[in-house]
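Scroll down for the structure; my scribbles are underneath it.
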Amino acid sequence: MRKKIVVGNWKMNNGVAASEQLAADLLAALGSSFTGCDVGIAPTFLSLTTAGKVIAGSTIQLVAQNCHYENDGAYTGEVSAAMLKGAGCSSVIIGHSERRQFFGETNATVNLRVKKALAEGLDVILCVGETLAERESGVTGDIVSAQVREGLVGVSDISNVVIAYEPVWAIGTGKTATSAQAEEVHLMIRTLVTELYGEPAAQALRIQYGGSVKPSNAVELFAMPNIDGGLIGGASLNAADFVAIVQAAAGK
């Protein structure tokens with residue numbers, strides 16, 4: 001039985017004070033030893049240490065939104081995996097659709113980041129997903145398969161990898177893939193991972209859904225056999241909504 005995982009991706013929202021308050025609100029609502037599912041929050045780089053101090057010693061994990069694939073150097077505006085580890089992060093989101101869309105990340109550069117993060121001892125949330133045009137063209141399977149295959153090149157052990165399926169057309173649009181649509185892609189991903197890494201690894205792999213998950217649809221989505229939690233955007237900025245989604249994942 002895979003333990004569900006819910007991560008709040010705060011994106012470029014909340015300053016330091018607001019991040020501290022939201023982290024405190026979540027801690028107060030969930031408690032310091034919540035074990036119903038794995039829970040993480042991903043503040044901006046600027047707020048990582050502040051939010052991290054609030055949740056230190058609790059079961060809420062500190063997650064980064066991105067990392068660079070080099071250790072250090074002349075990469076203005078970037079942050080290395082080792083720096084994130086040193087700041088208290090346990091995981092990092094890599095390959096989010098917004099990184100691919102707005103910052104030119106490719107499957108190849110995503111793969112470099114994945115390997116560097118794993119080498120530095122961070123767990124990885126690898127994001128994959130198709131655009132509306134790709135879905136309507138019937139190439140969802142091809143796109144997502146390529147993102148998984150190429151994102152994991154050279155990775156022999158995926159025990160510290162979570163895959164997040166985020167249909168780009170359902171992010172921040174109010175549109176949500178039906179539970180059946182999401183489950184179809186999640187099953188396809190698990191089948192592909194079985195081919196690449198074998199049945200035990202594929203069955204252990206957790207696959208999150210990330211596309212306008214809300215308290216109103218979380219229970220139905222999380223009831224699907226291959227949906228193992230959520231990567232939550234907008235709803236994670238509201239403590240009550242995020243807690244409701246976490247409770248849905250925990251079956252409460």
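Cβ atoms here come from the backbone N, Cα and C positions, even for glycine.
G172 is the only one of G31, G36, G172 that Swiss-Prot places in the substrate site (with N9, W10, K11, S212, G233, G234). Reported as a whole number, the C-alpha separation between G234 (substrate binding site) and H96 (active site, electrophile) equals 14 Å.
W10 (substrate binding site) sits 15 Å from E166 (active site, proton acceptor), counting Cα to Cα. Separating the Cα atoms of H96 (active site, electrophile) and G172 (substrate binding site) is a whole-number distance of 13 Å.
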